[in-house]
Amino acid sequence: MERAMEQLNRLTRSLRRARTVELPEDNETAVYTLMPMVMADQHRSVSELLSNSKFDVNYAFGRVKRSLLHIAANCGSVECLVLLLKKGANPNYQDISGCTPLHLAARNGQKKCMSKLLEYSADVNICNNEGLTAIHWLAVNGRTELLHDLVQHVTDVDVEDAMGQTALHVACQNGHKTTVQCLLDSGADINRPNVSGATPLYFACSHGQRDTAQILLLRGAKYLPDKNGVTPLDLCVQGGYGQTCEVLIQYHPRLFQTIVQMTQNEDLRENMLRQVLQHLSQQSESQYLKILTGLAEVATTNGHKLLSLSSNYDAQMKSLLRIVRIFCHVFRIGPSSPSNGIDMGYNGNKTPRSQVFKPLELLWHSLDEWLVLIATELMKNKEDSTDITSILLKQKGQDQEAPSLSAFEPPGPGSYESLPPGPGDSKPEVLAGEQEASADCQDVISVTANRLSAVIQAFYMCCSCQMPPGMTSPRFIEFVCKHDEVLKCFVNRNPKIIFDHFHFLLECPELMSRFMHIIKAQPFKDRCEWFYEHLHSGQPDSDMVHRPVSENDILLVHRDSIFRSSCEIVSKANCAKLKQGIAVRFHGEEGMGQGVVREWFDILSNEIVNPDYALFTQSADGTTFQPNSNSYVNPDHLNYFRFAGQILGLALNHRQLVNIYFTRSFYKHILGIPVNYQDVASIDPEYAKNLQWILDNDISDLGLELTFSVETDVFGAMEEVPLKPGGGSILVTQNNKAEYVQLVTELRMTRAIQPQINAFLQGFHMFIPPSLIQLFDEYELELLLSGMPEIDVNDWIKNTEYTSGYEREDPVIQWFWEVVEDITQEERVLLLQFVTGSSRVPHGGFANIMGGSGLQNFTIAAVPYTPNLLPTSSTCINMLKLPEYPSKEILKDRLLVALHCGSYGYTMA
């Protein structure tokens, strides 16, 4: 009966308290009953359960083998912690990682728990498996108020963890100022190294902790490297911690020059160096000038090393350009930079800031001497039998004949002894062995071109940073004009110099024209790489489309009105952000990513030429489009043309192909290339033939009575439009007929659609600078925008006709098709463009190629062979005029020259 009553009482108490009133007999089950109560600090319930139980309060459970005392200390359950201690819980019991309850209380800042644990003799000197003590945990988290209490119980404040780090190390690393001061006041060793030799100052600098570094230095911390020779300054510069560098320099002024010299270290990230020097330069005017002067001196030294042929070209070139970039960056951020209009000295005024360039004048003088020397040797009389290379060989004491300079043949005797010396009387050197500049096999142009071009690039950068944005330095323009012939020799010998060092051409239209013919002769692939390198040069991520886009910058468009909604949202969007990254989402759809972006561009490229918008009309070939001169029927036509330009510019910027092809004349308008009468064939083939006829025949006695005016339909009424002022009274003659043809071409192809062209270019140039796009011709621009089409050679052969003596079985024809099969896909496209004016094969294959008067098969006509004669074409009738070459090798060579070097001998036969 008593037992039943006892069970009933237990049941009643359990129901009233909504918990068990007795612990299970086994510890494993009991501990999980107690744990939530301990975490909630329900000490009365815990006490009641423990009072009638044999539970072991030191029982370790779980994966990490902790006791309930660990749980109480970790959660700050101070009442339960005291209860457990009174019940005999071991305050120094370590879990599987070696942590005691005191460690956990210290890590989480449980002050009351720490105090009670210390009362019950918790050992503050116990280390966990990593060697960390409670004092380390307090230092890591900056628990200074607890540290004051704990250090009184610590026997060694410099106790080390497994890596030899003390509490002072970790406090300095985490920037806890008051903790650092407390540890130092408690006797911590300020210069104690860890196992790798790193001191507390080293740790503070590794994370840019300026304030803790200043406390250490103020208290006499030594500036010491680690065992690998890495110094605190190295760490500051690596992390870009300008403020911490400033503190180090305050206590160790000699480090200022060290930072300047660090610009030569290619292992240091350039942006971090810029960050540090930018901060230091903004502290005072004198320090700003001191930094710039130091950088100029280092650049000059590196430049002269680069001009020495015994140096490593690649390393010295990178070092010089890196230093000059940093120099220009620091110079621009000063209060008298070009951007804020304060005089920088480019008008001839010598200001303190412009004087920082003075050390560089030595380098520019040496550069000028080199170029003058080379120009002098190139101009010497051909009777002289000794070229520059021979002179270099004589300096080496060699008597063998030097190789000739085949590209220039610049003979001329003499010796460098008779030439004006450069700075420091240094003279060009040539070393034997495996030196880059071995005169045994290379002439002086080959040896020096890259080196001098790199210095020219540095010179341009320094000239530019002294000018307001958008202006080219008159001094640099004068320099290029002075040395024009030598620079062209460099480029002719090694065209890659343009892409490596002559970046100034893209920013100086007045200089670009001097080299454009050389640039356009370079491989299309190389120019594409140069184009995108400079297009994205000022942007944070070169992989533009894949750059993350914030939710606010997503283009949310409606699929059922994609053209109008896209036009509206793109017109309002931030152009800079669109250049950096683009993301599209269709309204009501969840999909995003590159697939959606590609779909968006693809749909828009079709919508742009949708007849409903009246923006473009289909040309005579049935596959290309031309701006519609009557687009004004759409009131928003100019806004839409601007949007079309934005879409094509965006697509090119993000390397997205568009499914749209324009007439050759429109590509010319985009590139700023003048149209010619052959372009008229795209919109009016018969009229183009008439213009060709005028040019090909003597019109003196034909009585055409043409004047420099034409009749045109203006809003339904015929009006006479003069081609030039007073054109209605100027007769077209044999002497001025070429001018007439050009002016009437411009009227049909340009003036009639000038507002549309201007609106389109306004949008296009928001994303693609005119200076960059001019790297390409109209054929290449089509490939950039619309990609490389696939060409079926068998279909091409099947649908080709032969005339003027050629037949399918002729050897020349067989050689031709063998060459077509051998060349690259890109070269096949160039051939197709060369003959038909288009890079595309229409739907249905070569059987559907259009000519000026309808369907016109690809045709090959025989031309009598003369040495060096190139193939020509008549695009209006898709005819290739192929000379009767004597061999396949000559045929291939001449054909590729015509394709790559622009032998576009178009006629309207």
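Just so you know, glycine gets a Cβ as well, placed from its N, Cα and C.
In Swiss-Prot, the annotation region 'N-terminal helix important for homodimerization' applies to 1-21, one of the ranges 1-21, 169-189, 799-819.
With helix defined as DSSP H, G or I and strand as E or B, the repeat 'ANK 7' (228-253) counts 18 helix, 0 strand, 8 coil. DSSP places the residues of the repeat 'ANK 6' (196-226) in helix, strand and coil in these numbers: 16 helix, 0 strand, 15 coil. In the predicted model, the repeat 'ANK 4' (130-159) has a mean pLDDT of 86. Counting residues 6+ beyond its ends, the repeat 'ANK 6' (196-226) has Cβ neighbours under 8 Å at 163-166, 168-177, 180-181, 184, 190, 232-233, 235-236, 239-241, 243-244, 246-248, 250-252, 255 in the same chain.
Look at the repeat 'ANK 5' (163-192): DSSP puts its residues at 17 helix, 0 strand, 13 coil.
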